[in-house]
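S.K.: Dropping a structure here in structure tokens format, bear with me for questions.
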């Protein structure tokens, strides 16, 4: 249900963190994030937390932990400011939601750097086979 809500918001064109994250991932990986990552492995999207199935899923685990440390802004709805320089994301140092931007930059870069571990079979990885991790962060 939450995935459908997120997709609906993205389709409305709201300029918030989720849309900005989508744009970063799309540009870095050339993959449509909603289709490629929203249900990937044990940690991407709304799948929850568990032992990562591969390096791509580890990117999501790290991203979840990063979001858990953000206190100043909404990780889903508040927008931030960033630019592209030589194919890299540069977060605006002075923006109040810079921490959210840095989390999103890290996961988009991680996805790009681990494209060789991405497996289509992990898109709908059954959560029942995810091994819970007592301290994921």
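For all residues, glycine too, the Cβ spot is worked out from N, Cα and C.
The signal peptide feature in Swiss-Prot is assigned to 1-16. Marked as disulfide bond by Swiss-Prot on the basis of a large-scale study or a structure entry: 42-130, 44-60, 59-110, 65-137, 66-103, 73-97, 91-101.
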S.K.: Closest to residue 60 (disulfide bond): which of the disulfide-bonded residues 42, 73, 97, going by Cα position?
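M.R.: Answer for the nearest of the disulfide-bonded residues: 42.
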S.K.: Of 73, 130, 137, which disulfide-bonded residues come within 10 Å of residue 59 (disulfide bond), going by C-alpha to C-alpha distance?
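M.R.: Matched disulfide-bonded residues: none.
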S.K.: Looking only at DSSP and grouping its letters into three states, which state does residue 91 (disulfide bond) belong to?
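M.R.: Strand, per DSSP.
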S.K.: Which residues does residue 110 (disulfide bond) neighbour through Cβ under 8 Å, counting only same-chain ones at least six apart?
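M.R.: Result: 55, 58, 59, 62, 63.
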S.K.: What is the nearest of the disulfide-bonded residues 44, 73, 103, 137 to residue 130 (disulfide bond), using the Cα of each?
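M.R.: Looking at Cα distances from residue 130 (disulfide bond), the smallest one goes to 44.
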S.K.: Expressed to the nearest Å, what is the distance separating residue 103 (disulfide bond) and residue 42 (disulfide bond) at their Cα atoms?
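M.R.: Just about 19 Å between their Cα atoms.
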S.K.: Counting Cβ atoms within 10 Å of each candidate's own Cβ, which of the disulfide-bonded residues 60, 65, 137 comes out highest?
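M.R.: Of 60, 65, 137, the one with the most crowded Cβ is 60.
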S.K.: Just to verify a number: CA distance, residue 42 (disulfide bond) to residue 65 (disulfide bond), in angstrom, no decimals.
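M.R.: Checking the Cα atoms of residue 42 (disulfide bond) and residue 65 (disulfide bond) gives a distance of 14 Å.
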S.K.: Taking only same-chain residues 6+ apart in sequence, whose CB is under 8 Å from that of residue 44 (disulfide bond), what do you get?
M.R.: 37, 38, 56, 57, 59, 60
S.K.: Roughly how many Å lie between the Cα atoms of residue 137 (disulfide bond) and residue 66 (disulfide bond), rounded to a whole value?
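M.R.: Roughly 9 Å, rounded to the nearest whole number.
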S.K.: Give me the CA-CA distance between residue 101 (disulfide bond) and residue 66 (disulfide bond), in Å, as a whole number.
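M.R.: Here the two Cα atoms are 10 Å apart.
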S.K.: Can you check which residues sit near residue 73 (disulfide bond), meaning Cβ under 8 Å from its Cβ, same chain, 6 or more apart in sequence, and list them in order?
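M.R.: Residues satisfying the criterion: 17, 80, 96, 97, 99, 100.
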S.K.: Distance check, please: Cα of residue 66 (disulfide bond) against Cα of residue 91 (disulfide bond), rounded to an integer number of angstrom.
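M.R.: About 15 Å separate the Cα atoms of these two residues.
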